[in-house]
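Read through the structure below, which is laid out as structure tokens, and then see the notes.
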Ligand code: 16G
Ligand code: MG
């Protein structure tokens, strides 16, 4: 075996020589590695090596590799690993990813790789399985070549599946389905996913009238491809009016469109604001982000005023609907619904949910944190305000539903609808497409338009400020990022500023994706919010500058 491993190491080294590391320090952050696409070939090569190790460590379970930079500008790209259950890579492995990515030479790389294998007693010649996909970015195909060069160095020890151009959530689904030994989750293919969603949608819509056509801004990204393909499966039930579907023109991706644009600018993309698009009263639109794992909705109130229906609004809609169904199925003693949010959730949404006796957990920013917290509920509804999210049904909840003995047609129907919802909602990760179907189904069941959905609660005015500081690593948080523990004394000053403002709330956290600190503020009025945001921003700037000169 030793000589076999030597040969393999030589093959890896030879291939790695083709992908030298540029003079850049890489970090596997909240959303994997992300930077200019042209800097990434060596990183992707090494991620391929790590994917194989991870698979080997997990007895050959299939690992996913997704090449995307989501809502970032077109020249950027990124890569992240997907664990066998379709979840984000286990956090302890992020360090290994960072370590491999930063090895300066091939020799260092091979040593670091062997060290990880030795530490975890992994036989590097054992079988592995990797499935990968990429979005529509121009740098994608080149980066995939680097990935393939890495994976093929292992010869036929590694089983490889290339899904081609598809969305992040589709890849997560395929990973989960591939590893599902009971084979109940669905066929492990892109088509399998669409079939599953379409079947669940048909069950849930039943003999209701077809849904109203929906405008979908695809951010000129891979969501356009998914929407077009999926649309064919549900032609009789719903029609999509796809906007921003240009995946070919240079510079179009995420430019003045997409969920991130809408959420951060709090306005319609110019293409959606064109006269006639949302003109009919109560016409809804939705925006995907660049890799279609985020969605926000909107409409024009009274045909004029832009109203955003963000991740918080989706969470509330979903949690209340599911809670209703659980009660109708008379399963409220066995199935507890809970909501997971982050500090960015609008205070009004949290209050609204709590007043309805639904428990709320607050976690740090980033899908993996919300996902893990949601697993603690029988049905865990998790959404970030920015539109990342999904609903997780625990194994116990599914068993309760499968074994339920309904004593009336209404109970039977509610139980079946809950089961269909668990099929409609991506159980691996938030999916803009699956979330869109969830929203549409709920609105159809409630016979609501956007205005009725929006009517539940009124968002508090809020501001998000990006602050560039000399060193963001001095900002340390606790209490799900709601409080600072460092720099010392800053939190007290923020608390004092907040106390002076009606319904005031503000927090400061270092970004996990950019070199900056983010300040969030909300209050009862817009002027008060702006003022609070400005005061806290000043506090942050002064403290950071003082720390830099100290
Ligand atoms: C990443 C996260 C997203 C989070 C954002 C925060 C995933 C897949 N994505 O995009 O959930 O909201 O980072 O960015 O986890 P920030 O740390 O720069 O504020
Ligand atoms: Mg995304």
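From the backbone N, Cα and C atoms, a Cβ is placed for every residue, glycine too.
The feature domain 'Alpha-D-phosphohexomutase alpha/beta/alpha' is assigned by TrEMBL to 60-100, 108-179. As annotated by TrEMBL, Mg(2+) binding site applies to 70, 289, 291, 293. Taken from TrEMBL, the feature active site, phosphoserine intermediate applies to 70. Annotation comment: TrEMBL describes 206-296, 310-448 as domain 'Phosphoacetylglucosamine mutase AMG1'. The substrate binding site annotation in TrEMBL covers 384, 385, 386, 509, 510, 511, 512, 513, 518. Here TrEMBL flags 464-538 as domain 'Alpha-D-phosphohexomutase C-terminal'.
Overlay of TrEMBL feature records on the structure.
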{"residue": "70", "record": "Mg(2+) binding site", "contacts (Cβ under 8 Å, 6+ apart)": "31, 34, 78, 168, 289, 290, 291, 293, 294"}
{"residue": "384", "record": "substrate binding site", "contacts (Cβ under 8 Å, 6+ apart)": "311, 341, 342, 344, 345, 365, 367, 370"}
{"residue": "386", "record": "substrate binding site", "contacts (Cβ under 8 Å, 6+ apart)": "259, 260, 263, 294, 296, 310, 311, 344"}
{"residue": "510", "record": "substrate binding site", "contacts (Cβ under 8 Å, 6+ apart)": "472, 473, 475, 477, 516, 517, 518"}
{"residue": "512", "record": "substrate binding site", "contacts (Cβ under 8 Å, 6+ apart)": "29, 30, 31, 365, 366"}
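Residues 68, 71, 167, 168, 221, 259, 288, 290, 292, 294, 432 surround the recorded Mg(2+) site, their Cβ atoms falling within 8 Å of the Cβ centroid of 70, 289, 291, 293, which are themselves excluded. Checked against ligand 1, the binding-site residues 289, 291, 510 give no residue with a Cβ less than 6 Å away from one of its atoms. Per-residue confidence over the domain 'Phosphoacetylglucosamine mutase AMG1' (206-296) averages 94 (mean pLDDT, predicted model). Sequence-distant contacts of the domain 'Alpha-D-phosphohexomutase alpha/beta/alpha' (60-100) (same chain, at least 6 residues past either end, Cβ-Cβ under 8 Å): 26-28, 31-38, 40, 43-44, 46-54, 109, 112-113, 116, 126-135, 137-140, 143-144, 147, 159, 161, 168, 171-176, 178-179, 219, 222, 250-255, 258-260, 289-291, 293-294, 367-368, 371, 427-429.
Following the DSSP three-state reduction, the secondary structure of residue 293 (Mg(2+) binding site) is coil. Ligand 2 lies under 6 Å from the Cβ of none of the binding-site residues 386, 510, 518. Against the domain 'Phosphoacetylglucosamine mutase AMG1' (310-448), the recorded stretches 108-179, 206-296, 464-538 differ in Cβ pairs under 8 Å, and the greatest number is found for 206-296. Here the Cβ of residue 289 (Mg(2+) binding site) has 32 other Cβ atoms within 10 Å, regardless of which shown protein chain they belong to. In the three-state DSSP assignment, the secondary structure recorded for residue 510 (substrate binding site) is strand. Helix first, then strand, then coil: DSSP counts for the domain 'Phosphoacetylglucosamine mutase AMG1' (310-448) stand at 75 helix, 21 strand, 43 coil.
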